[in-house]
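The structure appears below as structure tokens.
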Amino acid sequence: MNGYVNRVGVVGAGVIGSSVAQAVARSGIEVVLQDASPEALATARRSMATGERLARLRKGPGQQAPVTFTGTLADLAGCDLVIENVTEDITLKEEVHRALDAVVSPECVVAVNTSAVPVTRLALATGHPGRMVGAHFMNPVSLIDTVEVIRPEYADDDAVKTLQALLERMGKASVVVADMAGFVINRCLMMFINEAADLCASGVATPAEADRLFRGCLGHKSGPLRTADLIGIDTIVRTLEVLARYYGPARFTPAPVLLRMIDAGRLGCKTGQGFYVYTAEGEH
């Protein structure tokens with residue numbers, strides 16, 4: 001671990017993974033984006049092209065580095081740092097990290113992008129636990145300028161510093177926290193979202209009214225339900241389920257309305273409807 005990163009691997013080409021890949025590439029660092037699904041890679045390629053056009057309009061040309069799209073994990077072998085972004089499923093994440101451990105060099109830093117899963121458990125599933133750290137990126141990655149960095153129990157200082165140096169090159173600040181399920185952001189945020197969803201389902205307020213109160217009274221840039229739509233209702237429920245497993249069901253059992261939204265396919269921005277409806281004309 002020499003601290004300087006020339007090539008970054010990103011595992012998982014979903015909304016967050018492709019956004020992270022784009023943010024890294026836009027900072028001038030070569031990226032290899034891997035996903036086993038050809039459809040996910042095709043979608044990521046399109047969304048990243050659109051995102052780059054928008055970024056050029058908003059921020060200027062930048063120093064876009066090349067992005068390689070691949071379905072093969074072995075193509076990450078030459079990376080100095082890898083960021084894993086697969087879904088919040090502990091078993092799946094363990095499988096991915098065991099496979100990744102066999103591919104990348106011992107000097108490669110591996111960052112887990114997770115909403116709630118403790119990183120220490122994932123690190124112990126590998127042969128190199130010292131190189132693993134957590135990096136909790138919030139959506140939209142291009143607009144959120146701070147990343148929650150998680151230091152698992154066995155992390156080497158150099159691994160944490162290497163990740164922080166990469167984030168700095170990406171124009172992002174970082175705050176290092178200890179490794180507990182949900183960390184700081186989601187252990188608090190998930191309760192806000194869950195309670196706000198339940199209040200709206202009970203007729204106490206509309207989503208717009210609840211969000212307006214959080215913005216106007218508490219100074220939040222985005223209310224909890226607009227934030228939930230950005231994150232994805234399915235991700236919210238998976239995160240709540242992880243937190244309930246660690247801290248008990250009293251605080252973190254998903255509100256019934258969230259489960260109904262998943263059944264109806266209302267997952268937020270990515271499906272065009274969640275707590276709000278999203279069209280070409282805007283949200284309402």
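Positions of Cβ are set from backbone N, Cα and C atoms, glycine also.
Taken straight from TrEMBL:
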- G12, A13, G14, V15, I16, G17, D35, E88, K93, S115, N139, K270: NAD(+) binding site (BINDING)
- 8-179: domain '3-hydroxyacyl-CoA dehydrogenase NAD binding' (DOMAIN)
- 182-278: domain '3-hydroxyacyl-CoA dehydrogenase C-terminal' (DOMAIN)
- H136: site 'Important for catalytic activity' (SITE)
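Taking the features listed in TrEMBL, we show where each one sits on the structure.
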residue: G12; record: NAD(+) binding site; Cβ contacts under 8 Å, 6 or more apart: Q34, D35, E84, N85, V86, T87, N113
residue: G14; record: NAD(+) binding site; Cβ contacts under 8 Å, 6 or more apart: D35, A40, A44, N85, T87
residue: I16; record: NAD(+) binding site; Cβ contacts under 8 Å, 6 or more apart: N85, N113, F137, N139, V141
residue: K93; record: NAD(+) binding site; Cβ contacts under 8 Å, 6 or more apart: E84, V86, V112, T114, V117, L122
residue: H136; record: site 'Important for catalytic activity'; Cβ contacts under 8 Å, 6 or more apart: N113, T114, S115, V147, E148, V149, I150, F183, I185, N186
Fewest Cβ neighbours within 10 Å, where candidates are the binding-site residues D35, N139: N139
Within the domain '3-hydroxyacyl-CoA dehydrogenase C-terminal' (182-278), residues counted as helix, strand or coil by DSSP: 67 helix, 4 strand, 26 coil
Three-state secondary structure, which DSSP defines for H136 (site 'Important for catalytic activity'): strand
